[in-house]
Amino acid sequence: MAFSAAASASTNLVPAVASGRGGAAASASQHGETARLARFGVSSSACANALSLSSSRSCASMGEVLWANGGAVRLAARRTLRVRAAGAGTIVQPEGFQITSVPTTPIDGQKTGTSGLRKKVKEFQSPNYLANWIQALFDSLPAEDVKGSTLVLGGDGRYFNKEASQIIIKIAAGNGVGKILVGREGIASTPAVSAIIRARKANGGFVMSASHNPGGPKYDWGIKFNYSSGQPAPESITDKIYGNTLSIKEIKQADIPDVNLSELGVHKFGDFSVEVIDPVADYLNLLEEVFDFDLLKGLLTSKDFRFKFDAMHAVTGAYAKPIFVDRLGAPEDSIFNGVPLEDFGGGHPDPNLTYAEELVKIMYGTDAPDFGAASDGDGDRNMILGNHFFITPSDSVAMIAANADAIPYFKTGLKGLARSMPTSGALDRVAKELGLPFFETPTGWKFFGNLMDAGKCSVCGEESFGTGSDHVREKDGIWAVLAWISIVAYKNRDRKVGEKLVTVADIAKEHWAKYGRNFFSRYDYEECESAGANKMVEHLRDIIAKSKKGDKYGNYELELADDFAYTDPIDGSVATKQGIRFIFSDGSRIIFRLSGTGSAGATIRIYVEQYEQDTTKHDLDAQDALKPLIDIALSVSKLQEFTGRTKPTANEDGSQAQSREPSDQDIMLSDLRLEGEDDEKQKSGLSINTD
Ligand code: VG1
Ligand code: CO
């Protein structure tokens, strides 16, 4: 018997106050409106940004029923919670609502990966799947972070977030949480959740997102928990959650009605309350402290600077217009795919040269704009493009650090720099030049948090399109875009209209001339059969166990081969088996890792890197520069033998996603090139399937 929390509620709803826009009107009926909510009720340019809509603004074209009732709002929400409740019993009855103890049994496989728990939507929809994990989380936190605590709830707007929000709210109330701050429509980007946790001194927060993984009924859903300084939960907590999922017996669930998340306002249920907040405000306030908005505005409103931002129908659609257009004066048509959709418009919300295809075409087309950027599902990744130019993520973090004087937040100097292990060594060179403390961490943002809390790191990044700073404890897509616009604006601060612009490409080339260029590329073999992938890793572990300094690999001489392990310099925690590294005497590297964010099978990632000091070689195609290393990577790993794969499914940093299935026309790694309609990019002479 499934427990049904149907509610024709008359909650003690306090009309919206936080918006300052008057909260009299309310989106009323939630009856069967999933389809409309799928588009967040947005269907016309007049309502181009549903999430920044004033609650009282009429938006008839949305086809939504908006109605006011003299300042009071009645909810008529009716939803079925997928919480199995056989034998459920009331355990407490605090003022305002009952708490039910719902018996449950452990569900296998709820182990958190690189960034939260990610599975197919169907799995999360199965009875108690999400509820078990949420309860296991509450069972893992110290009492002071649960009883009477304040938690933030946000998400990227993907399919299942609506139902998930209600489940999380009810279990939070059932466990004695005092207050949930939830972004309107359940929306808040990952960096915004981090910012809100910090600004409101919350005990932690949830992000409902599988990040860059596709969304929709057939695709992925995910949940992440961030702790009190806004950082992704450390492994000590995620391990505990996993342990609790294996022994869970009951879910504590408040019998409260579904909360209307469409309107700003506070819903009170005895000692528990849910405040629906503007997901942009706290985050934008923070960005205004970090950047020189006048400098940014000067460039974005300049007649001869053209900017494009691709929100990929993901969460930054809710942020792009309020920030870039309304606040910084960029033209409205700078933003495209700017409406968050439950299925991201059928796309893959991953800002790389493969999936942000529309933006890439514009930036590599005729009469291309000066600056292009994109962000991922939950707004923590970014891609930066100039006119016919791609900034690799590994270069991006290095270049931001090297140009930090363009950003007021860093005016007292950088505290230190950090990158994930597979990320190229470009940042290391900047740290050395600037005499800054430098850290190499395992993959995943959670490892940067301690360094930042301890005041040891200001700027950090990952090769996977993640860049950020200690203004929050997450990577931050919009921050990275504003950082780059700041750099371009700063370099052009004395320029008169009509004079040549110092371009994104100029900034990159100047950087390479000073520091040398780290050619870098990553290849993904997605959804391989797990057994084969694991065998390949075991094979590589055998090789590193036998290898020694001085071993020859083609023309390369081995310096070190190991399975990367990291000891956190702050709390001493140790993370082992974080990626197999072959480091050669000239600093070149080959790295193998299994992804921790997939929802099916195993994804093998191969990262290759080679440093080049010689400026005359900086315009080489990275695939050419890296070919010898790629050949070694394939032969040493015996990848084809173990997985049956003859080519990668994606070169995330550049080229293209070939069909997920190996086809007859096998393309060798070294032949990866943009093809067909992408000829334009080839002609440009710039290697875009690189690093
Ligand atoms: C990938 C990236 C990693 C990133 C993680 C989360 O992990 O490689 O650098 O931190 O995704 O990013 P993995 O384990 O699949 O390699 V996101 O934007 O999904 O929060
Ligand atoms: Co993300």
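Placement of Cβ uses the backbone N, Cα and C atoms for every residue, glycine included.
Any TrEMBL annotation is an automated prediction that lacks curation.
Feature list (source: TrEMBL):
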type: DOMAIN; residues: 110-250; note: domain 'Alpha-D-phosphohexomutase alpha/beta/alpha'
type: DOMAIN; residues: 282-385; note: domain 'Alpha-D-phosphohexomutase alpha/beta/alpha'
type: DOMAIN; residues: 394-515; note: domain 'Alpha-D-phosphohexomutase alpha/beta/alpha'
type: REGION; residues: 643-691; note: region 'Disordered'
type: COMPBIAS; residues: 646-660; note: compositional bias 'Polar residues'
type: COMPBIAS; residues: 672-683; note: compositional bias 'Basic and acidic residues'
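DSSP assignment over the domain 'Alpha-D-phosphohexomutase alpha/beta/alpha' (394-515) gives 59 helix, 16 strand, 47 coil. Mean model confidence for the domain 'Alpha-D-phosphohexomutase alpha/beta/alpha' (282-385) is a pLDDT of 97. Per-class residue totals from DSSP over the domain 'Alpha-D-phosphohexomutase alpha/beta/alpha' (282-385), listed helix then strand then coil: 41 helix, 16 strand, 47 coil.
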